[in-house]
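A.B. asks: Starting off with a structure, shown below.
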Amino acid sequence: MENRSLIQHLIARPEFGPLVLLVIEIAVFWSINHDFLSPQNISNTLAFTVELGLIALAMTLLMTSGEFDLSVGSLFGFSPVLMWTLFNSGLTSLEVGFVAALLVAAFIGLVNGWFVTQLKIPSFLVTLGMLLVVRGTALFVTDGFPQRTWSAEGSWLAEALVGDFFIGPFRIYMSLFWFIAAAIALGYVLTQSRTGNWIQAAGGNPNAARARGVNVSGVKIGLFVLSSLMASLAGVISSLRTSAANPNSGTGYELEVIAMVVIGGTALTGGRGTIIGTVLGILILRVMRNGIVLIGVPGLAYNIFIGAIILGMMALHSWLERRHQAGT
Amino acid sequence: MAEPLIRMQNIRKSYGRVQALEDASFHVNEREIVGLLGDNGAGKSTLIKVLSGAVPLTSGDIFIRGKKVSLRNTSDAIAHGIETIYQDSALVTQLSIARNLFLGREPIKPPRFLNRMDQDAMNTVARDLLKQVGISKNIPPTTPIGSLSGGERQAVAIARAMHFDSDLIILDEPTNNLGVAETQGVLSFVRSARDSGHSCIFIAHNIHHVFQVVDRIVVMRRGKVVADDIDPKKTSVAEVERIITGMSDKEIRDAIADGKPSH
């Protein structure tokens, strides 16, 4: 009896659907091509997964508060460009360039948050505008060309962010630990902390939250800043790992990240969010991208599968939500 | 006579050229349930919005226990112990009962820098409160508001007001859209709130509900308070209806016979 209710409890959780999907995905890809679970493939997949994942974690909190951020992809491209431009021109060390890139990102998040909360413009429009401003700046500053990046070897910043080592046959980058730390920290904030309660209330019923003295605008502005900072950090990590700083990189990431978050079970309309679900959503999309190529489906067909997953998961979540509202 | 808990004096409120409140004066005593009645457009909503800080007044004064206060927003009003309960609007449906009860005032577990909610304490208090307002069913405090009925939601909102020592609980149409049993439930929550020392303003379209629970009835008409000391034990529903519409018995009978609306 106890056991049965535990299973029912598990099934009713929004993370259950994504978990099942991920397991099926892995099983199917592995059964078609055993290389799918080879150490080399797992290492390669994880390296980029955590970079997008960092953005998705912050986006989960922002979307729970009822907003979203389309400018993350452009910041992913812009921040490393800024860092390398400062460094290559001899103005700053790499580390100072990194801090400068984060500060600029934080400022961009602040502007996003200010437009949304003070001017009451929907975040869709504000961050779409910001996407164009930031991407445009990255292209203008670089004339559209990638920046020189080879001199990062031996810098402690590069070691701390993307230093790699082997655990058995697995090649692990430091960024994996940053991702795990961020997931635990943000999961804690969302479910255990008072701030988490405010984030959910801000997205669920902002007027009620305001009436209880919750600083809804402050919460949202903070989350916009967090989102920009994570996108910037992810861009720098990716750039250091691949030794490239392309002003065009990160194009389209905003939608992939939002897809990861909603597949995981976070409500697009706000009020409900789950970090565990987002981690599953991140893995679902990245495993799909990797597995499709590995089993020989043309990479160009990738989006068909992603779209189908999004639609299927949305149908599942809406069904669960209705059951939830009906009190069963 | 002792200073009332709330005194609103010569309140005026105009929206552009529309005068919603004209010199309305109104008071609520300690431990008193006041029924506020009036036809649509009589100004009772506006009066309540002014008192709950939702709209600023054009002129007039508000006193709490004889001290003049200014209520610029709803947080101000809550800080002064005035809690307004609208149907549905005051709760976050996605959050649990306990998280709603403590929203904005969550207890923190030491060490404080971790900013961690004391969810066990919240659940314990929530369980007690639910019992106190008389929710008979055994609802766990971790239940999301979204899966509660309308009456249960009202109960949670009333419980919250009671727990945080609101002196005055304003209930705006708390029995709308509720079934008979649920309505009786809400009326008993209101009585238990008074018994534990709170005052209430009770607004309802259904005069019979008002009669069942209030100590005193105040009637508004066209932005003014036209009667503020009606004892529901000594007055009939018909008489109060007459005061609300401002018509004589004969006028009401004629209006009904003609099929005209009664205002």
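Positions of Cβ are set from backbone N, Cα and C atoms, glycine also.
Not measured: the values here are computed from a predicted model.
The following feature annotations were taken from TrEMBL:
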TRANSMEM  A:16-33  transmembrane segment
TRANSMEM  A:45-63  transmembrane segment
TRANSMEM  A:96-116  transmembrane segment
TRANSMEM  A:123-141  transmembrane segment
TRANSMEM  A:170-190  transmembrane segment
TRANSMEM  A:219-237  transmembrane segment
TRANSMEM  A:257-285  transmembrane segment
TRANSMEM  A:292-316  transmembrane segment
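Surface or core, plus neighbours and distances: that's what I need for these features.
C.D. replies: Residues 10, 263-265, 277, 280-281, 283-284, 287-288, 291, 294-296, 309, 313, 316-317, 320 of the same chain lie 6+ residues outside the transmembrane segment (A:16-33) yet bring a C-beta within less than 8 angstroms of a C-beta in it.
Within its own chain, the transmembrane segment (A:45-63) is flanked in space by residues 69, 72, 76, 171-173, 175-176, 178-179, 182-183, 186, 189-190, 199, 203, 220, 223-224, 226-227, 229-231, 233-234, 237-238, 241, 253, 256-258, 260-262, 264, 266-268, 270, 273-275, 277-279, 281-283, 286-287, 290, which lie at least six positions past its ends and keep a Cβ under 8 Å from the stretch.
Counting only same-chain residues 6+ beyond the ends of the transmembrane segment (A:96-116), those with a CB under 8 A from a CB of the stretch are 67, 69, 71, 75, 79-80, 82-87, 122-123, 126-127, 130, 134, 157, 217, 220-229, 231-233, 236.
Outside the transmembrane segment (A:123-141), and at least 6 residues removed from its termini, the chain residues within Cβ reach (under 8 Å) are 67-71, 73-75, 77-78, 81-82, 85, 108, 111-112, 115-116, 247-248, 251, 254.
Long-range Cβ contacts of the transmembrane segment (A:170-190) within its own chain (Cβ-Cβ under 8 Å, at least 6 residues beyond either end) map to 39-40, 42-43, 46-47, 50-51, 53-54, 57-58, 60-61, 64, 159-164, 196, 199-200, 230, 233, 237, 241, 273-276, 279.
Only residues 6 or more beyond the boundaries of the transmembrane segment (A:219-237), in the same chain, are considered here, and those with a CB under 8 A from a CB of the stretch are 51-52, 54-55, 57-59, 61-62, 65-67, 69, 71-73, 75-80, 83, 98, 101-102, 104-106, 108-110, 112-114, 116-117, 161-162, 175, 178, 182, 195, 198-199, 202, 249-250.
If one looks beyond the transmembrane segment (A:292-316) by at least 6 residues along the same chain, the residues whose Cβ comes under 8 Å of a Cβ in the stretch are 17-18, 21, 29, 32-33, 35-36, 41, 256, 259, 262-263, 284-285.
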